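Annotation source Swiss-Prot lists disulfide bond at Cys77-Cys85, Cys205-Cys226. As annotated by Swiss-Prot, domain 'Fibronectin type-III 1' applies to 29-128. Under the heading domain 'Fibronectin type-III 2', Swiss-Prot lists 129-230, citing sequence analysis as support. Taken from Swiss-Prot, the feature signal peptide covers 1-20, and the record attributes it to similarity to another entry. Per Swiss-Prot, site 'Critical for IL22-binding' is recorded for Tyr66, Arg118.
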Amino acid sequence: MMPKHCLLGLLIILLSSATEIQPARVSLTPQKVRFQSRNFHNILHWQAGSSLPSNNSIYFVQYKMYGQSQWEDKVDCWGTTALFCDLTNETLDPYELYYGRVMTACAGRHSAWTRTPRFTPWWETKLDPPVVTITRVNASLRVLLRPPELPNRNQSGKNASMETYYGLVYRVFTINNSLEKEQKAYEGTQRAVEIEGLIPHSSYCVVAEMYQPMFDRRSPRSKERCVHIP
């Protein structure tokens, strides 16, 4: 809900000419305006200017693709009191370059626009760990790996796979709880892995991560999945 004492400021911005409004001090300007991206979910974040508490301000968000001259309003974040705005649907092409910008307004005053650095989802998004499912088959383990789902859709209407955009290497580790020993059981591109040679009457946990050779970076590790070998 927009604060009542800010409604006047919003109306003035929308209805008055630029010459009728005096820009606010620099301290009203939104700070640290940046995209934060995880699995191609692209969220614009910012901090309130130093002269106003965040709950006394309203914010206006615009975005554009690199090379475009016209900024587009983000309707859902036009006059918002939040310090973030989901621009996933406006930045769906992972290879394109985008900008976002934010302005603050309250009680007839407004700040200048603060623009993000150039943002490329493919380059900057962070990856979650793969989803891991394990099944015991006698004295061995079958491990199934699934990369995180993306908001992007393929031609059949299904969520695109992370493997559509990156060459991914999966790393699987086993932890022998009795010996408190970890070892790498697999590294490769397959999503179905058989782990053999396990010690009977022992408990094992399995974790996995994804590695991007092109960027030399890896995801966090998955949650442990544990099983007892009879």
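Keep in mind that glycine also has a Cβ here, set from the backbone N, Cα and C atoms.
Following the DSSP three-state reduction, the secondary structure of Tyr66 (site 'Critical for IL22-binding') is coil. Note on the domain 'Fibronectin type-III 2' (129-230): DSSP counts are 3 helix, 60 strand, 39 coil. Secondary structure of the domain 'Fibronectin type-III 1' (29-128) per DSSP, as helix, strand and coil residue counts: 7 helix, 50 strand, 43 coil. Sequence-distant contacts of Arg118 (site 'Critical for IL22-binding'), defined by Cβ-Cβ distance under 8 angstroms and a gap of at least six in the same chain, are Tyr66, Leu97, Tyr98, Tyr99. Distance between Cα atoms for Cys77 (disulfide bond) and Cys226 (disulfide bond): 44 Å, as a whole number. Non-local neighbourhood of Cys85 (disulfide bond): Ile43, Leu44, Tyr59, Val61, Lys74, Asp76, Cys77, Gly100, Val102, each in the same chain, at least six residues away, with C-beta under 8 Å from its C-beta. Non-local contacts of Cys205 (disulfide bond) by the CB criterion (under 8 A, 6+ apart in sequence, same chain) comprise Thr174, Ile175, Asn177, Glu224, Arg225, Cys226, Val227. The Cβ neighbour count for Tyr66 (site 'Critical for IL22-binding'), using a 10 Å radius and every protein chain shown, is 11.
When Cβ neighbours within 10 Å are tallied across all protein chains shown, the highest count among the disulfide-bonded residues Cys77, Cys226 belongs to Cys77.
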